[in-house]
Amino acid sequence: MDRVYEIPEEPNVVPIASLEDVIRGPNPRFTFPFSILFSTFLYCGEAASALYMVRIYRKNNETFWMTYTFSFFMFSSIMVQLTLIFVHRDLAKDRPLSLFMHLILLGPVIRCLEAMIKYLTLWKKEGQEEPYVSLTRKKMLIDGQEVLIEWEVGHSIRTLAMHRNAYKRMSQIQAFLGSVPQLTYQLYVTLISAEVPLGRAVLMFFSLISVTYGATLCNMLAIQIKYDDYKIRLGPVEVLCITIWRTLEITSRLMILVLFSATLKLKAVPFLVLNFLIILFEPWVKFWRSGAQMPNNIEKNFSRVGTLVVLISVTILYAGINFSCWSAMQLKLADRDLVDKGQNWGHMGLHYSVRLVENVIMVLVFKYFGVKVLLNYSHSLMAIQLIIAYLISIGFMLLFFQYLHPLRSLFTHNVVDYLHCICCRRHHRERVENSETSCEPDTRQSIV
């Protein structure tokens, strides 16, 4: 992951204990925006491979497969264009070229060129002071102590940072509203057709990379949103742990969904739709039960209709993420930030418990009712491998939150404390039940 600007690991001043005092940090350094190039590459690669498969399906008169492949591509592409326009606020600006590129679904390409031009401009002017700067304050943990650091951020660096943030949100939209259904459907087609042409393999590869990248960004954005006052860094070990966790979680979940759908075919549709609708309406049910008012300050130029459209879009994205993996945050529609900034161990535990039960049920359905989908491969072995892969992903998730989270020292309770609390409650309940049963004979004897 790239950082558009960063500050050194340790400020070149003596740390102080009081947060009321401010350490003046050095001028930020800008780095090459690799993530913008990578997101654009994923978008173009998935779009090109999807259109190629649409052409192949049309040539082979496979209208049903062609329709779904094209629909998933178009929906995610349109949502990507709207996301970039919304983040950059282009509707209030006179930028006909950018709007035209978005109209022909090439908005990420022109935005990537703009970001590269901005980077080259900064590179040529390196060492020169910008006339327009703003002050940014963030907390940092240095030797276990919170230190408030202030530094100047130039207008050009802030513009490049806005491009980076826009592409992060674009990658999430593409991953969970386009790549997840595309990957699931292409896996299903491969399963029932018993062949893997090169074009479909390339499309599934791009979709899998996009989903894994989007899920990894979910964790990073969740940490940034929950700890907005802190300057956060994720090292290579932390990013590797998140990537392994998300890859195992998503691949095992999607494979189980595909095998379940291939087993029951149309009978699986009501279960999957009901599952998605429960996730979709859960935040709205909590919002209505709380009796809170709809937030009217998400964007200062938004009407109530515009705010409602944003809330619905965010809810659809939230449901799409939670359908395939954990969203790393809990949606809270009554809040201006739209997320619950608490740690929410209970929400995380509930999600993985429910998903584990669902996966086991779907795997059992495939094992006992499924047809022979893969030659020379045991259904029992396949079912065990998928469940083990999902359990390993949960293990990497617990490892990250227990030992690798960048701000784990701020947790009031960690994973071990939560598990210990559950075990203590269960042990205490068993002791109470045993004491009650042991007292019953003594009571009866005293009565006699």
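Cβ from N, Cα, C; glycine included.
Keep in mind the model is a prediction, meaning the values are calculated, not measured.
What Swiss-Prot says about this one:
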TRANSMEM  34-54  transmembrane segment
TRANSMEM  67-87  transmembrane segment
TRANSMEM  97-117  transmembrane segment
TRANSMEM  173-193  transmembrane segment
TRANSMEM  203-223  transmembrane segment
TRANSMEM  268-288  transmembrane segment
TRANSMEM  305-325  transmembrane segment
TRANSMEM  356-376  transmembrane segment
TRANSMEM  381-401  transmembrane segment
Segment-segment contact (the transmembrane segment (203-223); the transmembrane segment (34-54)) at 3 or more Cβ pairs under 8 Å:
yes
Short question: which residues 6 or more past the ends of the transmembrane segment (173-193) have a Cβ under 8 Å from it?
39, 42-43, 46, 50, 53, 65, 68-69, 72-73, 75-77, 79-80, 83, 200, 203-204, 206-208, 210-211, 213-215, 217, 250, 254-255, 257-259, 261-262, 316-317, 320-321, 323-324, 373
Mind checking which residues of the chain, 6+ beyond the ends of the transmembrane segment (34-54), have their Cβ under 8 Å from one of its Cβ atoms?
1-2, 66, 69-70, 72-73, 77, 80, 105, 108-109, 111-112, 115-116, 163-164, 167-168, 170-171, 174, 178-179, 182, 186, 199-200, 202-203, 206-207, 209-210, 213
With Cβ-Cβ distances below 8 Å as the criterion, list the same-chain residues six or more beyond the ends of the transmembrane segment (268-288) that contact it, or say none.
257, 260-261, 315-316, 318-319, 322-323, 331-334, 358
Residue list, the transmembrane segment (67-87) vs rest of chain: Cβ under 8 Å, 6 or more residues beyond ends.
43, 46-47, 50-51, 53-54, 57, 99, 102-103, 105, 107-108, 111, 162, 165-166, 169-170, 173-174, 177-179, 181-182, 185-186, 313
